[in-house]
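What TrEMBL says about this one:
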| type | residues | note |
| --- | --- | --- |
| ACT_SITE | E182 | active site, proton acceptor |
| BINDING | D45, S46, D84, K113 | 3-methyl-2-oxobutanoate binding site |
| BINDING | D45, D84, E115 | Mg(2+) binding site |
Amino acid sequence: MLDKKMTLGQLRAKKGVEKITAITAYDALMAHIFDGEVDILLVGDSLNMSFGGNNDTLNLTTEEMIYHTKAVCRAVKHSFLIADMPFGSYITTKEALKNARKFYKHTRADAIKLEVGIEKYALIKALCDEGFAVMAHIGLKPQFMRFDGGFKIKGKQEAQCNELIECALAMQEAGAFGILIEGVTKQTGHAITQAIKIPTIGIGAGVDCDGQILVWSDAFGFFDTFQPKFVRRYCDGKSMLKEAIRAYAKDVKSCAFPSDRESY
Ligand code: KIV
(Lines of atoms letter the chains of each structure in order from A and count residues from 1; the text may use other names and numbers.)
(Lines give C-alpha, C1' and ligand atoms only; values in the text may rest on other atoms or scores of the structure.)
Protein backbone atom coordinates (compact mmCIF):
# COMPACT_ATOMS: atom_id res chain seq x y z
CA MET A 1 0.00 0.00 0.00
CA LEU A 2 1.45 3.39 -0.97
CA ASP A 3 1.59 5.86 1.92
CA LYS A 4 2.38 8.89 -0.24
CA LYS A 5 1.45 10.12 -3.70
CA MET A 6 3.36 8.24 -6.43
CA THR A 7 5.44 10.64 -8.50
CA LEU A 8 6.67 10.58 -12.07
CA GLY A 9 10.27 10.46 -10.81
CA GLN A 10 9.53 7.41 -8.67
CA LEU A 11 7.86 5.65 -11.60
CA ARG A 12 10.86 6.34 -13.84
CA ALA A 13 13.24 5.07 -11.15
CA LYS A 14 11.45 1.71 -11.00
CA LYS A 15 12.72 0.66 -14.45
CA GLY A 16 14.92 -2.41 -14.03
CA VAL A 17 14.54 -2.20 -10.24
CA GLU A 18 10.96 -3.04 -9.33
CA LYS A 19 7.88 -3.93 -11.40
CA ILE A 20 5.25 -1.21 -11.83
CA THR A 21 1.66 -2.17 -11.02
CA ALA A 22 -1.31 -0.59 -12.78
CA ILE A 23 -5.03 -1.12 -13.26
CA THR A 24 -7.89 0.83 -14.79
CA ALA A 25 -10.55 2.71 -12.82
CA TYR A 26 -13.56 4.50 -14.22
CA ASP A 27 -15.39 5.85 -11.18
CA ALA A 28 -14.82 7.06 -7.62
CA LEU A 29 -16.18 3.89 -6.00
CA MET A 30 -13.65 1.54 -7.56
CA ALA A 31 -10.85 4.14 -7.53
CA HIS A 32 -11.29 4.45 -3.77
CA ILE A 33 -10.80 0.70 -3.37
CA PHE A 34 -7.80 0.51 -5.74
CA ASP A 35 -6.04 3.74 -4.70
CA GLY A 36 -2.61 3.09 -3.22
CA GLU A 37 -2.75 -0.64 -3.91
CA VAL A 38 -1.14 -0.10 -7.32
CA ASP A 39 1.37 2.46 -8.60
CA ILE A 40 -0.80 3.68 -11.47
CA LEU A 41 -4.53 4.06 -12.03
CA LEU A 42 -5.61 4.58 -15.65
CA VAL A 43 -8.94 6.08 -16.59
CA GLY A 44 -8.93 4.05 -19.79
CA ASP A 45 -11.21 4.59 -22.75
CA SER A 46 -11.95 0.84 -22.42
CA LEU A 47 -14.75 2.12 -20.16
CA ASN A 48 -16.70 2.73 -23.36
CA MET A 49 -16.86 -1.05 -23.85
CA SER A 50 -17.19 -2.59 -20.40
CA PHE A 51 -19.27 0.22 -18.91
CA GLY A 52 -20.74 1.90 -21.98
CA GLY A 53 -21.74 -1.41 -23.58
CA ASN A 54 -20.18 -0.47 -26.93
CA ASN A 55 -18.21 -2.81 -29.18
CA ASP A 56 -15.24 -0.47 -29.36
CA THR A 57 -13.85 2.72 -27.84
CA LEU A 58 -14.43 4.97 -30.84
CA ASN A 59 -17.56 6.96 -29.99
CA LEU A 60 -16.35 8.14 -26.59
CA THR A 61 -16.06 11.93 -26.27
CA THR A 62 -13.52 14.12 -24.48
CA GLU A 63 -16.31 15.42 -22.23
CA GLU A 64 -17.27 11.87 -21.20
CA MET A 65 -13.63 11.02 -20.45
CA ILE A 66 -13.30 14.18 -18.39
CA TYR A 67 -16.43 13.29 -16.41
CA HIS A 68 -14.96 9.87 -15.51
CA THR A 69 -11.49 11.29 -14.84
CA LYS A 70 -12.95 13.86 -12.44
CA ALA A 71 -14.80 11.11 -10.56
CA VAL A 72 -11.63 9.00 -10.25
CA CYS A 73 -9.56 12.04 -9.20
CA ARG A 74 -11.94 12.71 -6.31
CA ALA A 75 -11.07 9.30 -4.82
CA VAL A 76 -7.36 9.04 -5.59
CA LYS A 77 -4.74 10.26 -3.15
CA HIS A 78 -1.83 7.89 -3.67
CA SER A 79 -1.66 6.20 -7.07
CA PHE A 80 -0.34 8.07 -10.13
CA LEU A 81 -3.36 8.91 -12.28
CA ILE A 82 -3.35 8.74 -16.08
CA ALA A 83 -6.30 9.66 -18.32
CA ASP A 84 -6.83 8.38 -21.86
CA MET A 85 -7.39 10.91 -24.63
CA PRO A 86 -10.24 9.48 -26.70
CA PHE A 87 -10.35 8.69 -30.42
CA GLY A 88 -10.50 11.82 -32.58
CA SER A 89 -9.34 14.19 -29.86
CA TYR A 90 -5.74 14.42 -31.13
CA ILE A 91 -5.92 14.27 -34.92
CA THR A 92 -3.87 17.44 -35.27
CA THR A 93 -1.31 18.96 -32.91
CA LYS A 94 -3.58 21.97 -32.41
CA GLU A 95 -6.54 19.78 -31.39
CA ALA A 96 -4.30 17.62 -29.20
CA LEU A 97 -3.05 20.67 -27.30
CA LYS A 98 -6.57 22.07 -26.96
CA ASN A 99 -8.03 18.82 -25.67
CA ALA A 100 -5.06 17.95 -23.45
CA ARG A 101 -5.48 21.39 -21.89
CA LYS A 102 -9.10 20.46 -21.06
CA PHE A 103 -7.87 17.42 -19.11
CA TYR A 104 -5.43 19.50 -17.10
CA LYS A 105 -7.86 22.39 -16.56
CA HIS A 106 -10.85 20.28 -15.52
CA THR A 107 -9.23 17.30 -13.78
CA ARG A 108 -6.28 16.56 -11.52
CA ALA A 109 -4.92 13.80 -13.80
CA ASP A 110 -1.15 13.45 -13.45
CA ALA A 111 -0.69 12.49 -17.10
CA ILE A 112 -2.44 11.70 -20.36
CA LYS A 113 -2.17 8.68 -22.66
CA LEU A 114 -2.46 8.65 -26.44
CA GLU A 115 -2.43 5.76 -28.93
CA VAL A 116 0.32 6.56 -31.39
CA GLY A 117 2.56 5.52 -34.24
CA ILE A 118 5.85 7.12 -35.23
CA GLU A 119 3.95 9.67 -37.38
CA LYS A 120 2.75 11.29 -34.14
CA TYR A 121 6.33 12.21 -33.08
CA ALA A 122 5.86 15.96 -33.59
CA LEU A 123 2.45 15.93 -31.88
CA ILE A 124 3.81 14.12 -28.80
CA LYS A 125 6.82 16.45 -28.72
CA ALA A 126 4.52 19.49 -28.85
CA LEU A 127 2.49 18.13 -25.90
CA CYS A 128 5.62 17.38 -23.86
CA ASP A 129 7.18 20.75 -24.71
CA GLU A 130 4.00 22.36 -23.42
CA GLY A 131 4.38 20.56 -20.08
CA PHE A 132 2.05 17.59 -20.45
CA ALA A 133 3.22 14.30 -18.99
CA VAL A 134 2.54 11.84 -21.80
CA MET A 135 2.35 8.07 -21.93
CA ALA A 136 2.51 6.71 -25.49
CA HIS A 137 0.37 3.63 -26.22
CA ILE A 138 1.82 1.41 -28.98
CA GLY A 139 1.34 -2.09 -30.41
CA LEU A 140 -2.31 -3.13 -30.55
CA LYS A 141 -4.18 0.16 -30.50
CA PRO A 142 -7.90 -0.31 -29.80
CA GLN A 143 -8.65 3.08 -31.40
CA PHE A 144 -7.41 1.52 -34.69
CA MET A 145 -9.66 -1.54 -34.45
CA ARG A 146 -11.85 -0.59 -37.44
CA PHE A 147 -8.74 0.22 -39.49
CA ASP A 148 -7.10 -3.07 -38.46
CA GLY A 149 -10.31 -5.10 -38.87
CA GLY A 150 -10.36 -6.21 -35.23
CA PHE A 151 -8.04 -6.45 -32.25
CA LYS A 152 -4.89 -7.84 -33.88
CA ILE A 153 -1.70 -8.92 -32.08
CA LYS A 154 1.34 -7.01 -33.29
CA GLY A 155 5.07 -7.63 -33.52
CA LYS A 156 4.84 -11.21 -34.75
CA GLN A 157 7.21 -10.53 -37.65
CA GLU A 158 10.71 -9.14 -37.13
CA ALA A 159 9.99 -6.11 -39.31
CA GLN A 160 6.93 -5.19 -37.23
CA CYS A 161 8.89 -5.69 -34.00
CA ASN A 162 11.61 -3.38 -35.31
CA GLU A 163 9.00 -0.78 -36.30
CA LEU A 164 7.61 -0.83 -32.77
CA ILE A 165 11.09 -0.43 -31.27
CA GLU A 166 11.67 2.55 -33.58
CA CYS A 167 8.34 4.04 -32.53
CA ALA A 168 9.13 3.59 -28.81
CA LEU A 169 12.54 5.25 -29.30
CA ALA A 170 10.89 8.15 -31.14
CA MET A 171 8.33 8.62 -28.34
CA GLN A 172 11.13 8.58 -25.75
CA GLU A 173 12.96 11.21 -27.80
CA ALA A 174 9.75 13.27 -28.07
CA GLY A 175 9.56 13.36 -24.27
CA ALA A 176 7.07 10.63 -23.33
CA PHE A 177 7.66 9.43 -19.77
CA GLY A 178 6.52 5.88 -20.47
CA ILE A 179 5.24 3.48 -23.08
CA LEU A 180 2.15 1.31 -22.77
CA ILE A 181 2.62 -1.76 -24.95
CA GLU A 182 -0.54 -3.68 -25.78
CA GLY A 183 -1.03 -6.99 -27.58
CA VAL A 184 2.44 -7.90 -28.81
CA THR A 185 4.49 -11.09 -28.57
CA LYS A 186 6.52 -11.67 -25.42
CA GLN A 187 9.71 -11.27 -27.48
CA THR A 188 8.57 -7.90 -28.84
CA GLY A 189 7.61 -6.67 -25.35
CA HIS A 190 11.08 -7.71 -24.17
CA ALA A 191 12.88 -6.09 -27.12
CA ILE A 192 11.07 -2.73 -26.71
CA THR A 193 11.68 -2.71 -22.95
CA GLN A 194 15.39 -3.37 -23.47
CA ALA A 195 15.71 -0.72 -26.20
CA ILE A 196 14.45 2.27 -24.21
CA LYS A 197 15.30 4.03 -20.96
CA ILE A 198 11.73 4.94 -19.97
CA PRO A 199 9.42 2.37 -18.34
CA THR A 200 7.13 0.10 -20.34
CA ILE A 201 3.77 -1.03 -19.00
CA GLY A 202 2.46 -4.14 -20.74
CA ILE A 203 -0.97 -5.57 -21.34
CA GLY A 204 -0.74 -8.79 -23.30
CA ALA A 205 2.92 -7.97 -23.92
CA GLY A 206 4.69 -10.59 -21.79
CA VAL A 207 6.38 -10.66 -18.43
CA ASP A 208 9.47 -8.65 -19.40
CA CYS A 209 7.78 -5.23 -19.53
CA ASP A 210 8.67 -2.93 -16.64
CA GLY A 211 5.12 -3.18 -15.35
CA GLN A 212 1.71 -4.67 -16.04
CA ILE A 213 -1.78 -3.24 -16.40
CA LEU A 214 -5.17 -4.95 -16.61
CA VAL A 215 -8.66 -3.63 -17.20
CA TRP A 216 -10.26 -4.00 -13.79
CA SER A 217 -13.57 -5.43 -14.98
CA ASP A 218 -11.64 -8.17 -16.84
CA ALA A 219 -9.32 -8.91 -13.92
CA PHE A 220 -12.13 -9.20 -11.41
CA GLY A 221 -14.55 -11.13 -13.57
CA PHE A 222 -17.24 -8.54 -14.21
CA PHE A 223 -16.82 -8.39 -18.00
CA ASP A 224 -17.22 -11.77 -19.63
CA THR A 225 -18.45 -10.96 -23.14
CA PHE A 226 -15.03 -12.23 -24.22
CA GLN A 227 -11.82 -13.01 -22.37
CA PRO A 228 -8.53 -12.21 -24.08
CA LYS A 229 -5.72 -14.75 -23.56
CA PHE A 230 -3.68 -12.26 -21.48
CA VAL A 231 -6.36 -11.73 -18.83
CA ARG A 232 -5.99 -13.43 -15.48
CA ARG A 233 -9.17 -13.38 -13.38
CA TYR A 234 -8.47 -12.63 -9.75
CA CYS A 235 -12.07 -13.08 -8.69
CA ASP A 236 -15.44 -13.99 -10.15
CA GLY A 237 -17.12 -10.64 -9.58
CA LYS A 238 -20.08 -11.37 -11.84
CA SER A 239 -21.09 -14.54 -9.97
CA MET A 240 -20.59 -12.84 -6.62
CA LEU A 241 -22.88 -9.94 -7.59
CA LYS A 242 -25.44 -12.24 -9.29
CA GLU A 243 -25.72 -14.19 -6.07
CA ALA A 244 -26.08 -10.98 -4.06
CA ILE A 245 -28.74 -9.40 -6.29
CA ARG A 246 -30.75 -12.66 -6.27
CA ALA A 247 -30.55 -12.86 -2.48
CA TYR A 248 -31.75 -9.25 -2.22
CA ALA A 249 -34.66 -9.78 -4.62
CA LYS A 250 -35.65 -12.97 -2.77
CA ASP A 251 -35.63 -11.17 0.58
CA VAL A 252 -37.81 -8.35 -0.80
CA LYS A 253 -40.32 -10.80 -2.32
CA SER A 254 -40.56 -12.80 0.91
CA CYS A 255 -40.71 -9.67 3.14
CA ALA A 256 -37.49 -10.83 4.86
CA PHE A 257 -36.13 -7.35 4.02
CA PRO A 258 -36.35 -4.86 5.64
CA SER A 259 -36.44 -6.28 9.17
CA ASP A 260 -37.49 -4.21 12.19
CA ARG A 261 -33.79 -3.50 12.82
CA GLU A 262 -33.60 -1.98 9.35
CA SER A 263 -36.74 0.12 9.85
CA TYR A 264 -37.37 3.46 11.62
O1 KIV B 1 -8.31 1.95 -22.17
C2 KIV B 1 -7.69 1.09 -21.55
O3 KIV B 1 -8.17 0.51 -20.58
C4 KIV B 1 -6.34 0.79 -21.99
C5 KIV B 1 -5.81 -0.56 -21.65
C6 KIV B 1 -4.92 -1.06 -22.70
C7 KIV B 1 -5.14 -0.61 -20.34
O8 KIV B 1 -5.71 1.58 -22.62
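Any Cβ shown, glycine's included, is placed from N, Cα and C.
A map of TrEMBL features onto the structure.
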| residue | record | Cβ neighbours (10 Å) |
| --- | --- | --- |
| D45 | 3-methyl-2-oxobutanoate binding site | 28 |
| S46 | 3-methyl-2-oxobutanoate binding site | 23 |
| D84 | 3-methyl-2-oxobutanoate binding site | 30 |
| K113 | 3-methyl-2-oxobutanoate binding site | 24 |
| E115 | Mg(2+) binding site | 23 |
| E182 | active site, proton acceptor | 22 |
So if I take the recorded positions (S46, D84, E115, E182) and measure from each Cβ to the nearest atom of ligand 1, which come out below 6 Å? S46, D84, E182
Inter-residue C-alpha distance, D84 (3-methyl-2-oxobutanoate binding site) and E182 (active site, proton acceptor) (nearest angstrom): 14
How big is the gap, in Å, between the Cα of the residue listed as 'active site, proton acceptor' and that of E115 (Mg(2+) binding site), rounded to a whole number? 10
Helix, strand or coil at D45 (3-methyl-2-oxobutanoate binding site) [DSSP, three-state]: coil
Spatial separation of E115 (Mg(2+) binding site) from D45 (3-methyl-2-oxobutanoate binding site) - C-alpha basis, Å: 11
Measuring Cα to Cα, how many Å separate E115 (Mg(2+) binding site) from S46 (3-methyl-2-oxobutanoate binding site)? 13
